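Heads up, the thing below is written out as structure tokens.
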Amino acid sequence: MSSSSAAVAAAANAFETAADAGDAIAAADALRAITQAARTPGAARDAVPALASRLARIAAEGPEGSNEGSEGWDSQGYLPGYLPDLLRALRNACAGDRDATDATCLGVAPVPNALRRLIPVLAAEAERQSTEAGRTGPECDDASNASNGSATNPNPAATALVVATQLAANAHAAGSDAASSRLWSELWPRAASYVAQSRRGFVANGAHPPLCMMAHDRVRRIIGSNGAKGSDASTSWGGWSAPEPPTNVGSVCGFEAGRTVWIPLLEASCDPAMAPWPGAGGGEWLHRFVARACVFSGEFAPQLCRSLAPRAEETAANRDNRLRAKILTAGGPDGSDEDEDDARRRRRAAAFGDAALGDDEDHSESFSSAQATLLHLIREEVSSAPAIDPDASPDAGHESHLVLCEGTLSYLLDATSRAAGAVEAVASAKLVEESAEANATAARCVLEECLGIWRVVTEREVKPRIVQTPGDVVSAACAMGLPRLLLALVAAMPPPRGAGQTSKASGPAAAPRLNPEHVTPAALADGHPPFPRARPWPGYRVDCVAPLANAMFARPLVCNQVAKLGGVAIVLAATRGEDGDDYLREWALWGVRNLCAGSDVARGEIERMQPQAAADSQQLAAMGLNVEVDPGTGRVRVGSVRREKAAGGDGGGDGGGPTAGAGSVPGGLLLGPEGARTPAGRAAVAALMAGLDVSREAGDGEDDDDAFEAPPNWKVADLS
């Protein structure tokens, strides 16, 4: 036996003697010696059984029937003063030592069961002690050293709670699959919820990161075991075998975990009152968990996000009951219900809570601010993610380039559509309840974060060899309907009115208004709830156009998809810009460039939009104006009929000017029955109204300033 092992054994014996004698000070001194020795890996392994046994005895000293650690359990009479030191010794002994961890979790006195009973009691005791000391908020604790992890707290229960959570995280990370499964099943999510819901600054800063660390390790084990079970997953220790959870994803982010663990953590992470405590909400480990669970091979984002919705579990149960009732009310095996009367169908539906005839509001998912926070974290991780999955095997195919899995892409498309529909439903309602308004506010935040995710996804650099392959995340999203969704969001709003002075001008100088029927394909209004008809926030139209423009870059299939959906007119209309949507014109021009480079269909449609002839040339000629369209460039030239006759003789015709062409643009180029429509037409009318005399011949064809007579309604300044 080495000298260090002998010292640890002596300290363990001294601790047992002092603990049995009730000498808390001597016991704490012995535990500090073990804790110091445990800094060397494996040095304190022999002391683990005695420490675990003592912790189990402390947890068992509560009254009968308190296995769940009821808050009514009076902890003042049984929690020893050396408990924080005991937890520290076990925490250090389990750090990176698999044998010590397995002995701790799977031995005769398993620590997971003791932690399950102790953590709720410690949380209640920490709250009680803080209340008695007059500290009522997160700012009550000293946060001066919170950033470097050396913050202290005079509350021993709070200290013990933090160390107990760190012990659980170390044991889960270092143990075998059997040990980690045992620990996970004992603590998650019931015991973990007491830690997650704490808003005490010291507890949140020290205990929230270990919770996220434990969840991160659990996700790592689940992803690593997909397709190949761990060799020690069925290993037994002391009669214990690791249970196989009913659903791997549900155990980490099921409905109960979402409601009791993840919502409190996400709310604490963005609470301004918790700003002095960088670990509140999980700190860096929350970001690591999101990156591992939701990015690349992580498939946890859909269920985790659904679990954060209000009444998520109830809504899912109602939808299942409704589906079950519909199946039962469908009649016989052949699907015919002709022999079943309406009363019988209603009774059968009533057996399942009248789900088949119930209100749709009971079956539609709502939104929460926690969902928006999670989506914001996903957006940040996608933005900073490398080009390829760092955990992928060397022989991985193109799929390792997918920064978001197909399940997550599908959920984001659905969430974007549902959030947009919820925003418009409240905006168009005459009477809005407070709950509906709160849901609409959360839905607006979710919609903004979803569009932000699509933007950073489409902005990622994709190697040419990956574009339009199974490894191209943008092509995968477009195949699921991303272009249609973005075009429908833009088409639901009125066409842009122009930016700057163009939008403020009136009269002939004002930009003509676009006809919504010409720039909004009717097919885009089907297949989804009504989308917002007004901007939910400044820059909303840019958030829709930018990812669409990026998605079309070097992807001909996407460009053709946009053209077939009628998106050419929508993108061209956006080039006008609009106040409140900064850089909309630039993003639209980028989209036009990519669209024309990748689609012959789009180029042909744009070429057919060029002016070909003046549809109202007879009316213009009657006013003395001759309008011609250059077939090569599409430019419009306006001149005087008499002047052109003088320059070119009789003109070779009847003097009426060119006739309307068969291929003219619908609605007229310059003038129609209701007046001027286009800028050229408005300019011509403005010139006539200003007093332009088109009947006067200019002798030599050049302007004669001396012969010019100002119209009576003009104000002429004397500059002499």
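Cβ atoms are placed via backbone N, Cα and C, with glycine included.
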Among the residue ranges 59-82, 323-346, I'd like the one that TrEMBL describes as region 'Disordered'. 323-346
According to TrEMBL, which of these ranges is region 'Disordered': 221-245, 496-520, 696-720? 696-720
What DSSP reports for the domain 'Ataxin-10' (540-637) is 58 helix, 9 strand, 31 coil
